[in-house]
Amino acid sequence: SDRNPRNLLLSLFKMTSFLEFLQVNKHKTFRPKKRFPQGTMRYQLHKRAEATLNSGLDLKAAVRLPPNENFDDWIAVHTVDFFNRINLLYGTISDACTKTTCPTMSGGSKYEYLWQDGDQYKKPTRIPAPDYVFLLMDWIEVRINDDTIFPSCMDLPFPKDFRAICKKILTRLFRVFVHTYIHHFDRIVDLGAEPHANTLYKHFYFFVTEHNMVSAKELEALREMTERLTADVAATPRKPR
């Protein structure tokens with residue numbers, strides 16, 4: 001199948017400074033990159049989204065579904081892209097996130113995330129933050145490389161529960177933002193990565209609110225920060241599809 005991704009996608013987000021930052025820190029990435037092969041429909045969607053981002057960085061406009069494009073393809077491209085870039089972002093601060101410093105996957109004293117995958121962890125379980133993130137990235141990678149979930153051939157349909165699967169992936173990726181911002185923001189600043197992290201977060205936030213992929217209850221964990229970062233843009237969630 002010509003569309004079967006074998007390495008993690010090159011960042012959809014090709015701002016020069018952001019790429020330079022990631023290049024400097026690429027040795028900290030957990031896993032190889034996943035790509036959409038050239039010549040495929042999803043690669044074209046990826047390139048269109050990339051061009052929109054590069055044209056003026058109107059992130060709220062960039063996440064909207066282009067006319068006459070398939071919604072599930074749009075969701076697939078962005079879910080893979082956010083997986084790649086959040087994985088990269090966490091990789092840059094992972095040396096500061098240890099079982100000692102972060103014995104739980106928390107977001108301050110108010111939020112704690114338990115891990116459950118129905119396999120090794122059949123019940124919600126408290127585990128250290130680095131273990132949670134590692135298991136999460138592995139859990140996502142298995143799904144985006146599964147042809148029955150993210151079909152690599154245009155002849156194969158998306159599963160009926162595709163959007164629900166992507167909602168769960170994106171919700172869990174949001175929790176990586178929560179932990180990183182609340183517990184490792186000083187490390188982000190030390191690395192000079194704050195502008196890049198903030199732009200990535202805003203892109204993610206506008207996407208998941210535009211398409212109702214993460215619940216308002218879940219997003220509450222970073223509400224105050226989000227309001228500051230998006231103060232110049234009205235971000236009203238769309239009605240569920």
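In case you wondered, yes, glycine gets a Cβ from its N, Cα and C as well.
Annotations in TrEMBL come from automatic prediction, not curation.
The Zn(2+) binding site annotation in TrEMBL covers Cys97, Cys102, His179, His184. The secondary structure of Cys102 (Zn(2+) binding site), as reduced to three states from DSSP, is coil rather than helix or strand.
What surrounds the Zn(2+) site, by Cβ distance within 8 Å of the Cβ centroid and not counting Cys97, Cys102, His179, His184, is the set Ile93, Ala96, Thr101, Ala129, Pro130, Thr180, His183 from the same chain.
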